Amino acid sequence: MKRIGVLTSGGDAPGMNAAVRAVVRKAIYQGVEVYGIYQGYQGLITGQIEKMEVGSVGDIIHRGGTMLRSARCQEFVTKEGQLKGIQQLKALGIEGLIVIGGDGSYRGAKALTELGFPCIGVPGTIDNDIPGTDFTIGFDTALNTVIDAIDKIRDTASSHERTFVVEVMGRNAGDLALWAGLSGGAETILIPEDPFDMDSIKDRLLKGHERGKRHSIIIVAEGVMSGNEFAKKLEEETQFDTRVSVLGHMQRGGSPTAVDRMLASRLGARAVELLIEGKGGRTVGIEKNQLVDYDISEALAMPHQLDLDIYRLSKELSI
Ligand code: F6P
């Protein structure tokens, strides 16, 4: 393989730039040319493609967002859109593609591979919900952003003796809520994977109150319900003075942590190696700190598992 492409797709995640840098530099180091595709699959269809040099990815390892920009592209869900993309790649003599993104991006990569164009999926999303890896690029940074917010909210919650509901991202996966809740010392964590019981939440809050606790932090993953909706229900049940903080898209920004830069560098470089080895249609990931790769269809068929031990522990420590 002498010429490859790289794109970022779906919701951006801190560390995507570090992954793009790793792809570009590793490929050039191996004597392979690299083309950057701007604006994800949208740019692939419209041909927003440029050759990348070593210097094209200078000064980006520490930057949030993605220099290649990103998009959610409906047209690429269709076979017609996918064939247009392949046409653009072939016109430039590109023989393989590295896709950095989440679940939807993997589906695009799978479709292209099935149409005969080899792709490698690199997990980039703050949600940490991609099968075939213990961690996704961006999760650690987003987690630290949420923790920082919780710590600040705790200060004002404590001064005013209030209950705070903090809504974090995660439509289908509760990883961010769970990890942030445990490491931020939240009283209650609501995740999409486990239906909540208002009575037990109420009991827990009241018990805490009885033993002198003056404030509480409740983390709600957006996939459960909106923070405002939950706070309204809670206030009706408890009459506690409740406030809501919806963290929103700030969770997707910011300079990536060292952990995310390391992960991105390792996974990006491994993706290039796989293409050079002639192995298309795979995903890269990290398990027990070892790099792994899976067939992309098999990976997509694996359910994402929330770490139940961590979930149990969060309940044990927030009594
Ligand atoms: O997939 C990442 C993510 O940030 C989710 O946590 C969130 O539900 C979604 O993207 C938001 O997407 P958008 O930026 O398109 O509103």
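Numbering starts at 1 and runs along the chain as it is shown here.
Cβ from N, Cα, C; glycine included.
Annotation source TrEMBL lists domain 'Phosphofructokinase' at 3-275.
Long-range neighbours of Gly104 (ATP binding site) (same chain, six or more residues apart, CB within less than 8 Å of its CB): Ser9, Gly10, Arg72. In three-state terms derived from DSSP, Gly104 (ATP binding site) belongs to a helical segment. Here TrEMBL flags Gly11, Arg72, Cys73, Gly102, Asp103, Gly104, Ser105 as ATP binding site.
Residues within less than 8 Å, Cβ to Cβ, of Val23 (ADP binding site) and separated from it by at least 6 positions along the same chain comprise Ile4, Val6, Val34, Ile98, Ile100, Val122, Gly268, Ala269, Ala271, Val272. Annotated ADP binding site per TrEMBL: Arg21, Ala22, Val23, Val24, Arg25, Arg154, Gly185, Ala186, Glu187, Arg211, Lys213, Arg214, His215, in sequence order.
The Mg(2+) binding site annotation in TrEMBL covers Asp103. Its Cβ taken as reference, Asp103 (ATP binding site) is surrounded by 18 other Cβ atoms within 10 Å in the chains shown.
Reduced to three states, the DSSP call for Arg252 (substrate binding site) is helix. The substrate binding site annotation in TrEMBL covers Thr125, Ile126, Asp127, Arg162, Met169, Gly170, Arg171, Glu222, Arg243, His249, Met250, Gln251, Arg252.
Within its own chain, Asp127 (substrate binding site) has Gly11, Gly102, Thr136, Phe139, Met169, Gly170, Arg171, Asn172, Ala173, Asp175, Leu176 as residues 6 or more apart in sequence whose C-beta sits under 8 angstroms from its own. The active site, proton acceptor annotation in TrEMBL covers Asp127.
Taken in sequence order, the binding-site residues Gly11, Gly102, Asp103, Asp127, Met250 that lie near ligand 1, meaning a CB under 6 Å from one of its atoms, are Gly11, Gly102, Asp127. The binding-site residues in question are Arg72, Arg171, His215, Arg243, and the one with the fewest Cβ neighbours inside 10 Å is Arg171. Nearest Cα neighbour of Arg21 (ADP binding site) among the listed binding-site residues (Asp103, Ser105, Arg243): Ser105. Compute the center of the Cβ atoms of Gly11, Arg72, Cys73, Gly102, Asp103, Gly104, Ser105, which mark the site for ATP; besides them, the chain residues with Cβ within 8 Å of that center are Ser9, Gly10, Gly40, Gly101, Gly108, Thr125.
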